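Some features that TrEMBL has for this protein:
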ACT_SITE  Cys133  active site, phosphocysteine intermediate
ACT_SITE  Lys304  active site, N6-GMP-lysine intermediate
BINDING   Arg309, Arg325, Asp352, Ser353, Glu354  GTP binding site
DOMAIN    42-190  domain 'Tyrosine-protein phosphatase'
DOMAIN    111-178  domain 'Tyrosine specific protein phosphatases'
Amino acid sequence: MSGPTPEKALIGVPDRWMHCPKTGKLVDGLFFPFKTPLCSLYDDQIEKKLRFHPEDVFNHPAVKGKKIGLWIDLTKTDRYYSVKEVEGHGCLYRKMPLAGHGSSPTQEETDRFVRLVQGFTKEHPGEIVAVHCTHGFNRTGFLIAAYMVVVKDWAVDCAVLTFAKERPCGIYKQDYLGDLFERYGDPDDCLEAPSKPSWEYGDAVCYDDENEASTSVAHAQENNENLENGEKKPQGKQFMDGLVRGVVLVTDSLKKKMLQGKIKELVGSKRDGFPGLQPVSLERSRDNDNLKLLAQRPYMVSWKADGMRYMIYICDENEVYAFDRDNEVFLIQGLSFPHRKHPRHIVNTLVDSEMIIDHVKDEHGNTIDLPRLLIYDIVHFEDMHVGKENFDIRFMCIRRELIEPRNAAIKAGRIRKEREPMSVRVKDFWEIEALPKLFEPKFTKNVGHEIDGLILQPVDAVSTAF
């Protein structure tokens, strides 16, 4: 008899299944990854809150309002649940058993998966493809990532990291990642696999798929080791030498590499490391006389603040990242950039900035230190490569699309600036004729930080390596 039976159920739940997260979220609006459900024959072996039936997949909030049209089962057994529990929802069930645990899906298996999904989406656009192996991570993630690369022309690292975002912690077997990059990318770019999740070790930690757990045994131990005399010792490099609250170092190697790759792509840089364009000193010598350019090209001028340079990537709401000159990545918590036209957050935007500490007077006349982000250039605004435009256009874009919407939101009470970790301003530039005014006391005394020179910006120079 095919399918589950009371006798087969006595074999027990799969190894490490009990505390494995039940599901992820939708990947690119198409794939819904999850661990294998178990039918009610297993209920007496499973605590009520840990039970996971096929019905729960169809009722999950992540697919609410959508139709799961295709269900792909990658396991090698039929004992977990009945096909009727899937087909009863008007869903197409396909069994695609993989060789499994010792190796990643073969090229033939991957091609079959791609053909199956591609054919289905052509006939049923907008419907969801539900995919599971035993735990819903490595084999499931491999095939979903391969599909995104082959069919949607995604970069391998982008596909891997997107899956990891929607199904934390993603593919955690190094050989699977190695095979993906060997097959579809450059092996030298292979991402480092994250540590095994704690449920792999049989922890009694309960993961709630709808409210994902963020604490692992290893993380808890690390936190304990960093407690000394009741105080937490800072870990790794600090943003602005620890002078600004609410900014934390990104330590997840996969996330860090994805973000570094993203800004490298937006800038168009081909070199490794920090992708920001570097300033060129003006000089008049026998070997180099670039001072004459001031008479040949239109320039704007500003002051050079005695601060630290950071490129800022506004990925989305609650995902604003800073990159220092060492290409370290920091998450800026609680900083918002509302969209000018639509009721949403700005996305996929890269700017160049200086971070300074201004010394200002409060309402009582006391001098306080105010962290301030001075944005002086923009490389990319959402889907627009504004870095290719002249500087005056880029400068206007910063004011209009970033600063003015923030100011309006602050005025309306939608942003509470006292709760943000820093103030945000555009760094002013003037026509070069205004240069002498930057040396006048009226200007220098009103700047709340040290001035470290001048910046001369060619109006007709782009801010991208493309």
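Cβ atoms here come from the backbone N, Cα and C positions, even for glycine.
TrEMBL entries are annotated by machine, without manual review.
Its own atom aside, the Cβ of Arg325 (GTP binding site) has 13 Cβ atoms within 10 angstroms in the protein chains shown. The separation of Lys304 (active site, N6-GMP-lysine intermediate) from Glu354 (GTP binding site), Cα to Cα, is 9 Å. On a Cα basis, the residue listed as 'active site, N6-GMP-lysine intermediate' lies 16 Å away from Arg325 (GTP binding site). In the domain 'Tyrosine specific protein phosphatases' (111-178), helix, strand and coil residues by DSSP number 44 helix, 6 strand, 18 coil. The Cβ of Ser353 (GTP binding site) has Arg309, Tyr310, Met311, Ile312, Leu373, Leu374, Ile375, Tyr376, Lys427 as same-chain neighbours under 8 Å, each 6 or more residues away in sequence.
Summed and averaged per residue, pLDDT over the domain 'Tyrosine-protein phosphatase' (42-190) gives 94. Following the DSSP three-state reduction, the secondary structure of Arg325 (GTP binding site) is coil. The two recorded residues Cys133 (active site, phosphocysteine intermediate) and the residue listed as 'active site, N6-GMP-lysine intermediate' have their Cα atoms spaced 56 Å from each other.
Other than Arg309, Arg325, Asp352, Ser353, Glu354, the residues of this chain whose Cβ falls within 8 Å of the Cβ centroid of the GTP site are, in sequence order, Gly276, Gly307, Met308, Tyr310, Met311, Met355, Tyr376.
Between the CA atoms of Lys304 (active site, N6-GMP-lysine intermediate) and Asp352 (GTP binding site) there is a gap of 13 Å.
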